Amino acid sequence: MSKEELKRAAAARALEYVSDGMQLGLGTGSTAKHFVELLGERVRAGLRVVGVPTSEGTRADAERCGVPLTTLDDVDHLDLTVDGADEIAPSLDVIKGGGGALLREKIVAAASTRMVVISDDSKWVETLGRFPLPVEVIPFGLGATRRALATAFAEAGVTGEITLRQGPDGHAFVTDGGHWILDAHLGRIPEPPRLAALLSAIPGVVEHGLFIGLAKTAILAGSQGIRIVDRPRGRV
C-alpha cells in the first residue's frame, strides 16, 4: 500500500469511534483530510454529527464533503477529535503543527472527551524531536522570543537551529490566527513535558507543537495492518 492508502486506512478505522449524534473535532493535514472525506460519506448515508474544524482548510474540506459544522462557542463540549500527527511517542505524547494549525488543533483537542491520532506507522518514534518542533509566536519582538526559546531549550537539555517558517511566496508563513511559526530542529527531546512547560512560560509564544497528555488512542497503519495503541495506564 502507498503512504496515502495507509493514511486512508487509519482514517477509516477511526470512523469506528464515531457514533450518531456526536460533536467532533476535525483535524488538519493530509491524514485528517482522509477522515473528513470518509466522514462525509457516512453523513450522506444518514449519520448525524457536527464538526468543529481546526483550520480554514479543514473547514473548506468539510463543507465540500457535506459535514455539518459548528463552533466551540455553540457547543459545550466535543465528544471526539480525530487528527493526524507528525510524530507519536509510546507515551502518546505527540508533535503536531507541520501544517501550521497547532493553536486551533490544541484548543479543539483540549475541549474533547477523547482525542484519537491517526497516521501511517512511519510517524511512530521512540523519542520525539526528529521532526522540527513548531512554535507559534507573535511577530512583534521576534528576536527576543528567539533568544528566550534558545534559553528554554538549553534549560531542557536540548539544542538546535531555530528557523522562521516561510510560505510559498518566500515570506513568513502566517497562521490562521495571524501569527508566525518558528521551527526548532532539536533532533531529540528527552523530556517533552518539561520542555512544554518551559515554552508555555515564554512571553511571545502563543502555542507550541508538543501535545502532552491529550491523545488517548493512536491508530497506526502499516504494511502488516492496523495497530491501535492506547495511552499507558497512569498517564494523565
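Each Cβ is built from the backbone N, Cα and C atoms, and glycine gets one as well.
For reference, Swiss-Prot has these:
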type	residues	note
BINDING	THR28, GLY29, SER30, THR31, ASP83, GLY84, ALA85, ASP86, LYS96, GLY97, GLY98, GLY99, LYS123	substrate binding site
ACT_SITE	GLU105	active site, proton acceptor
- [ ] Select one residue from SER30, LYS96, LYS123: among these binding-site residues, choose the one with the most other Cβ atoms within 10 Å of its Cβ.
- [x] LYS96
Open item on the list: I'd like the Cβ neighbour count for THR28 (substrate binding site), meaning other Cβ atoms within 10 Å of its Cβ, all protein chains included.
Closed with: 29
Open item on the list: With an 8 Å cut-off on Cβ distance to the THR28, GLY29, SER30, THR31, ASP83, GLY84, ALA85, ASP86, LYS96, GLY97, GLY98, GLY99, LYS123 Cβ center, who else from the chain surrounds the substrate site?
Closed with: GLY27, ALA32, SER119
TODO: Compile a sequence-ordered list of residues in the same chain as ALA85 (substrate binding site), six or more apart from it, whose Cβ lies below 8 A from its Cβ; state 'none' when nothing qualifies.
DONE: VAL94, ILE95, LYS96, VAL117, ILE118, SER119, LYS123, PHE211, ALA215, ALA218
TODO: List the residues of the same chain that sit at least 6 positions away from ASP83 (substrate binding site) in sequence and have their Cβ under 8 Å from its Cβ, in sequence order, or write 'none'.
DONE: GLY25, GLY27, THR28, GLY29, ALA32, THR54, LYS96, GLU105, ALA109, MET115, VAL116, VAL117, ILE118
Task: Lowest local Cβ density among GLY98, GLU105, which the record lists as recorded positions, within 10 Å - done: GLY98
